Structures are given as C-alpha cells and as structure tokens.
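Have a look at the structure below, then the notes.
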C-alpha cells in the first residue's frame, strides 16, 4: 500500500481552481479517498489530459497513485456532494456521492471549468452501508460509453482514467476492484436542488441556483428573472440532449433525477445501452422492470424530471406562489415542443433533408414503423440509407436491412420523390448524412466481450480496440468492418446492470 508519506507527497499534475468547496458546508462532506493495495493504470486519456491543461508526464508517472486515490494531488479539496433524488418515481431525500469523491476543479486551455471526480474511491458519509468501491467491468463500460458519446458529438461526461486497485470487491461474485476518473462541466444534478428543497432550505436553493448561473449560464445574470431564465435554459438543453440520444438509439436506463445534470451533459452510464433492432419499447436495464425508462419514454421522463426541478425553484421564480406555478408550468409545457423541434430536425438530417416540408414527420414515422415491423437494425439502416443517397447501386444493401427485401420499396419511392424537391446534390447529401448516421456505435455485445476479456483474463486488447474504433464513429474504417454488425442471436445482450 502507498505510505501516508507518499500520499501527502506533492504532485503538481493538476492546477486546481476549486469553487464548489467554497459553498456552505451543508452542500458536501469533506472526504479523503481510501487507499488501495496495488493500483495499476489501465488507461490514461492523454488527449483529454492535455486539453485540460494537466501535466501529462506527471500523470504517466504518478497516474496509478493519483487516480486510485492513493496520492492526493496538491491543491485538491476532496469532497462528496450532497443530493437527493427521485429513483424510479420514488423520492429519496438523501442520496449523495456514496462512492465518488470530487478532487477539485481545473480550468482547461479554453478557459472552461471542469470537475475531476474519482468513482469507486471508497466510502463516504453518503455510502448508505455500501463499500464505496467499483468493479472493473462497470469502470470499463463507463470509460467506453463516455468516450463514444463524445465522439458521436453528444454532450456527456468524459473519461480521464481507469485504474485497477489490486483489491477485490464483493457483489454477487468476487470481482477485481477499479476506480474511474470522470470529468464533467459539473456534477450538479436536479437532485442537488431537491436536497435543499426537501429540507425547506430556500437559502440553500438560492445559493445553489446562483452558483449554477455563475458557472453554467452567466449570461442569464442580466435576465429580468434569472431564476426563470435558468429553468428555461435547462429545459432547452435537456430537450436537445434527449433528442440526440434518440438519434443514435441510446437508452440511458436510469433517468432518475439524481442522474440528470443541469449542465445538459449525459451522466452515469451504469445500465445504459444502444439499441440494435429498432423498437421504441426497448429496455436493457435489469432494474427497469416496468419500462419506465424505455427508449421512447425518455423524452417524457425528461419533462417529468424538469417538473421536479421547477418545484424546487418556485420560491425564487416569483414571490407570489400562484404566479410562480404558472410561470414554471409554462416552461414545462413548452418542453414538448422544444423536444419535438430538435428531434425532427435531427431526423430530417438522418434521411438527408435540408429543407423543411409539412410531410416530413409522416415520412420519418413511416420509416420507423417499417423498421420496427421488419426488425431492422437502427444504426445500420440509417448508415445504409446514407450510402444509398450517394449511390443508387447501394439499394440492395439498404433493402437487406429488412426481413423482407421488398418491404422498403414503397418508402424508398416516397423518399426519392421528396428528395427531388430538396436543393442538395446527391454527393453533398450523402456526405452530410454520413456525418449524422454513425457506422459504429458501442454495440452491447462488443462492450460485454471487452469487459469479459478484462475480468476473466486481464486482457485489455478488446477494450483498446473498441476505443480505437469508437473514436471515429462516422468513418467507414474497413479494417474494423465486423464492429459495424449487429449481434448474432447468441451474442445478444438482454440486460445491463448498474455498477459504478
């Protein structure tokens, strides 16, 4: 084990500039990471480290110790954040970081502020009898999905590092322990607001809201009603984010209010998955037994979560309770239109339409219904349509997406007729479509294969290969063609699980 002397040895790898630690003490609990026996660095995201202005050489040297929590860098102020949350509709007034410790904040080369957080770094006052640890499988999953989302262009937390601890964790079975280092524009959630509101702590809600405006939405300080403007801005970001999820077939799996950031980033990738065959009722999360967070339910859940945020802001939005409710409800009602606008705009791009027409929604819905009826793979179908947009010879490949090759003929006829009124050339259209229709996603079976190889054999080669492929999701990458393919029947992943 790293000695206490080494733990306190200064490391200048980070230039911390901490602000959350300056909030009132009730916002968090100061908490040092718990040391581990034999940390080993699985992966350091060197490009991200450089972008964050970190000392990459120091991280190569000390990364195992730093990212395991054995060596706390100079300037860190480790803490566990307090928050509450609705979990599958039921309210828990105290959750908090039960296995995550925020080391501090850094300012990147563009002047943006980011949190550096260790997940699996040991118990905290919020652990609720848990061990505060993480197993290697969920750590690798979060690393893979975080970086895949970034490459897909979807706002999400990032992966800075993954380390093994040299210690077991005890779940349904004994598994190798690991720690994941997450980077986020902040870790403030809807549940953070709920924590203070549930205690009748309006001053706490106000302090948190002012902090969020300063950190994430500084332009709103000039608004006539900054608190209402914040609610509108968060609603807009969530509508745009969830639309992007649907555009790539992403299913979060655990959209509790403590897993919804006010920054508009996707966070917490425990039971998430990407859809193979298109079915709007798709659920992967083993704990979502009633389909609350199914693929097609995600927009509505986003609105429900926003309503919970709005409830916490009512005392700030207007001194008159009825007026506050009316103003908040107007924002909540507008969310549906915001989402639909973002979703339809993205779907137009996916089928190659540059100009809006009234019949576009019906054209999109007809294709989706056909895909569902024919068991078509979501990602492959749209990628093959991109190819067809630029080369009529690709029609057999597109038709092969469906169980019955003739099934797509009527829709293709309508699509071509619609394209005849669109201004783009075929080449420009195909190129634009390939930028929004990925060839590669983190196929669930590929993620599981990479995790299994690491857990069972200590083999990280599949993990590394998957990261390489997913870093360029919109490129064809013929050398990695098998990674495009959906799972064979025996490879299908039927359920995913929470872990980190």
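Glycine is no exception: its Cβ is also placed from the backbone N, Cα and C atoms.
Features reported for this protein in Swiss-Prot:
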ACT_SITE  258  active site, proton acceptor
BINDING   96, 98, 99, 119, 131, 132, 182, 189, 268  ATP binding site
BINDING   259, 268  Mg(2+) binding site
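All features noted in Swiss-Prot, drawn onto the structure.
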residue : record                       : DSSP class
96      : ATP binding site             : coil
131     : ATP binding site             : coil
182     : ATP binding site             : strand
258     : active site, proton acceptor : helix
268     : ATP binding site             : coil
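Close to residue 259 (Mg(2+) binding site), meaning Cα to Cα within 10 A, are the following binding-site residues out of 96, 131, 182, 268: 268. Taking the C-alpha positions, the distance from residue 96 (ATP binding site) to the residue listed as 'active site, proton acceptor' comes to 9 Å.
Residues 96, 98, 99, 119, 131, 132, 182, 189, 268 are listed as the ATP binders, and the farthest two of them sit 23 Å apart at their Cα atoms.
For residue 131 (ATP binding site), the count of additional Cβ atoms within 10 Å of its Cβ stands at 16 [all protein chains shown]. When the Cα atoms are compared, residue 182 (ATP binding site) and residue 258 (active site, proton acceptor) turn out to be 16 Å apart. The closest partner of residue 258 (active site, proton acceptor) among the binding-site residues, by CA position, is 268; the full candidate set was 99, 131, 268. Counting other C-beta atoms within 10 Å of each candidate's C-beta, the binding-site residues 99, 182 are led by 182.
A 10 Å cutoff on Cβ-Cβ distances gives residue 258 (active site, proton acceptor) a total of 24 other Cβ atoms nearby, all chains included.
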